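A.B. asks: Pulled these from TrEMBL:
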type: DOMAIN; residues: 22-287; note: domain 'OBG-type G'
type: BINDING; residues: ASN31, VAL32, GLY33, LYS34, SER35, SER36, LEU235; note: ATP binding site
type: DOMAIN; residues: 308-391; note: domain 'TGS'
Amino acid sequence: MPPKKAPVQEKKTLLGRPSNNLKVGIVGLPNVGKSSFFNVLSDTDLGKAANFPYATINPEEARIPVPDARFEWLCESYKPISRIPAFLTCIDIAGLTAGASTGAGLGNAFLSHVRAVDGIFQVVRAFDDAEVIHVEGDVNPLRDMEIIQTELRLKDIEWVEKTLEAMKKTSRSLGSNSLADRAKKEELATVEKVLKVISVEGRDVRKAEWSNKEIDVVNGLQLLTAKPVTYLVNLSEKDYIRKKNKWLPKIKAWIDEHNPGDPLIPFSVSLEERLAPMSPEDKEEEQKKIGATSALGKITNAGYQMLDLIRYFTCGPDEVRAWTIRKGTKAPQAAGVIHSDFENKFICGEIMSYEDLKEHGSENAVKAAGKLRQQGKPYEMIDGDIAYWKSGG
């Protein structure tokens, strides 16, 4: 008997929008350091850091370069006229308060802004400062995290209940024979499962197991709790330098219990604000002196990874550029990020890996080593690929 074929592993569909232009929203209660963090992250003071709730009403947006040693090395090697790194789009969103899901504070506007982003940087305050009032009266990051999780979940429950109501009205007339009717029934079952996850089981949508068919339905709902979260814990400069804070172990335990696997990054807005105006040399010297480094690069990279983004490079004497794509993107769609014609008239890509170029030292040496590959339409891009696209006239 011929050997059995191994079952083909179904490729997992990603939660979220199938786009390369994804955005992270900076979320938190008022006065936890969101706007100050946004300002140092984007090197601007767009975020109107002010010591009162709702200082940010319209979400401010910034494109922040993502640090990448590979990009720096390619620029050193090619010495191009123009250098364009990968960017992460960050949005500073007004502070959320308890009761936001029912419209308290700027509740409804806040939640619609969260709906428009693809991932969440949740800023959690773990520093005491009598100068900066806390909207809930005292500093308690666990309570703050509960408030945000509850408000996002309540809004999702309300949204899913409305969707279900509308679906049930139209489903009464469904038969069981036609494919379209069967698909509608499956969709209804998935939406009911979503409601059970968030209301009965008390879990975020992103933490449940979904099949690819179900993920297509979940993505259509644009739920707040389906978005990935990275927790950013804002410490005093002193605590950040000594890597100690009474809340950190408790926050870690809370995440492990409620949202296991979510990244936690401690940082200090006050340190970042102090470092921001310094020259690169002074900044380096100051970081050596205090024995701690800025966390901004780490945070930007975490945002990029959280959204399942990768990058490929195009290189030449005119320009070295990083292009952002989502994991799983095929060659024609990756080429289309540069220009739609490249996708529509795609012939092939000449591709080498960054590691091969670094190891062999030049494109010609990579070619001579047989490491330059011609890839067609089915090729799935790998983070760090260097590509030259060929397209028809």
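Including glycine, each Cβ sits where the backbone N, Cα and C put it.
TrEMBL labels come from automatic prediction, so no person has curated them.
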A.B. asks: Give me the DSSP three-state residue breakdown of the domain 'TGS' (308-391), ordered helix, strand, coil.
C.D. replies: 24 helix, 35 strand, 25 coil
A.B. asks: In sequence order, which same-chain residues at least six apart have a C-beta under 8 angstroms from LEU235 (ATP binding site)?
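C.D. replies: Within the chain, LEU235 (ATP binding site) has Cβ neighbours under 8 Å at ALA126, PHE127, ASN245, LEU248, PRO266, PHE267, SER268.
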A.B. asks: Under 8 Å between C-beta atoms and at least six apart in sequence, can you list the same-chain neighbours of GLY33 (ATP binding site), or say none if there are none?
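C.D. replies: In sequence order, the residues whose Cβ lies under 8 Å from that of GLY33 (ATP binding site) (at least 6 apart) are VAL123, ARG125, PHE127, ASN234, VAL269.
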A.B. asks: Taking the residues ASN31, VAL32, GLY33, LYS34, SER35, SER36, LEU235 listed for ATP, what is the greatest CA to CA distance in Å, to the nearest whole number?
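C.D. replies: Maximum Cα-Cα distance: 15 Å.
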A.B. asks: Please work out the number of neighbouring Cβ atoms within 10 Å of the Cβ of VAL32 (ATP binding site), leaving out its own Cβ.
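C.D. replies: Its Cβ has 28 other Cβ atoms within 10 Å.
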